[in-house]
Every structure is written in C-alpha cells, then in structure tokens.
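Colleague: Under the heading domain 'Guanylate kinase-like', Swiss-Prot lists 13-193, citing sequence analysis as support. Marked as ATP binding site by Swiss-Prot: GLY20, PRO21, SER22, GLY23, VAL24, GLY25, LYS26, ASP27.
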Amino acid sequence: MMTNWNFNKTEKPLLLIVSGPSGVGKDAVLARMKERKLPLTYIVTTTTRPKRETETEGVDYNFIRPAEFQELISQNELLEWANVYGNFYGVPKAPIRQALSRGSDVIVKVDVQGAASIKKIVPNAVFIFLMPPDMDELTRRLEHRLTESPESLRRRLATAPLEIEKLPDFDYVVVNPEGEIDNAVREIMSIIAAEHCRIQPRLIEL
C-alpha cells in the first residue's frame, strides 16, 4: 500500500476536433466560446470558396485562390484537406504547431469528412461530434440560413444522415438544440477538463 507519494500532474495541450453536419451550429458554439475569452487557440480553416457577406477574412476562414491552395498541398502544410461541394477546405499545420508548443489547447472545426482524415493522422486528438436533436430542426436551420442554393440545400440534407452515421468514430457527442448554445459550451468545457485529468495524457505529434 502506498502511504507516501508526491504526484505532480503535467498537463499536455489538447488538439480538439469539433465536427458535425452542416447547420448543426458549429460556428455559433465556437463563437460563444470566443466571447467568453476561454484560454484556447482556434484554428482558422483555409478555403477556396467565395466569402459570404457576413464573413470576415481571417476570422471565419482564410480565403485564398485555388493556385495558393495547391501550393500548400505541395508543401505538405495542411493537416487535412478535402473537396467539399466543389470547394477546397484545409487545416493549416503551422498555427497548430505554434499553439501546442506554447502549451495551449487547440480547437479545429471541420466537417465530418475532414475529421475522418485527421483521425488517421492524429488519432490522439479529441474528437467531438456536435449533434442536432433531430433532422427536422437541422432542416429548419439550414433553410433559415438563406446562404444555400436549392441544390446546395438538397445536398447538405442528403449528406447529414450519412454524416451522423459516423458518430461512433468520435470520442464525445454534444447535442445542440436551438437556443441552448451555452449548454453546449459547458459540455465542451467539461470534456476538456476531463481530458486534462487523464492518467495517460494524449500525446499529439504533427
């Protein structure tokens, strides 16, 4: 029996991957987390798609030309990238490395396809699936966004059930009903707190 010990917990920074179907509220949840000034580093995804009027360069996405995106691929400077609905999206490696080296937890928002790609490369990341309470609510959210063409809306609604089938590949699920963003934020912060109490920390290597 141990009667005397000296235990100093050494916390390792986490790489958190937040994903889920289009319209589930990923942007809204992370925006609320940013409002609270939580000690996290948020990685901005790079994309070739056109910027929406409501979006800000360097905040919502880094918007670049297709030729620039191809250059990042050739330099192996993207953690993952994919062609989604005809546009390229990618997660830059450099800011992740920099944040982890400072000891900061890192949050990356990607679609379900991107999360699967990252899991093959960094299996020790923490994978969180943001879930709608039901398909009816997800449909209403997508329709109310007013940013989707009818064809894009049909594609996203057809893809959502297939994405939800990937739920078992994730570590945690957070249900995000309309109007309950604060609860979703609390659950994500509880996940982060629990992960920092692991006996065997997750070691992230990029």
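Cβ from N, Cα, C; glycine included.
Distances, neighbours, how buried they are, the whole picture for these features please.
Modeller: Over all protein chains present, the Cβ of VAL24 (ATP binding site) has 26 other Cβ atoms lying within 10 Å.
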Colleague: Tell me, by DSSP, whether GLY23 (ATP binding site) is helix, strand or coil?
Modeller: coil
Colleague: What are the other residues, in sequence order, whose C-beta lies within 8 angstroms of the center of the C-beta atoms of GLY20, PRO21, SER22, GLY23, VAL24, GLY25, LYS26, ASP27 at the ATP site?
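Modeller: My list of surrounding residues reads LEU130, PRO132, LEU138, ARG141, ASN176.
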Colleague: Highest CB neighbour count within 10 A among the binding-site residues GLY20, GLY23?
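Modeller: Going through GLY20, GLY23 one by one, the largest Cβ count within 10 Å is at GLY20.
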Colleague: Who sits close to SER22 (ATP binding site): which same-chain residues at least 6 apart have their Cβ under 8 Å from its Cβ?
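Modeller: Expected: ASP111, LEU142, ARG156, THR159, ALA160.
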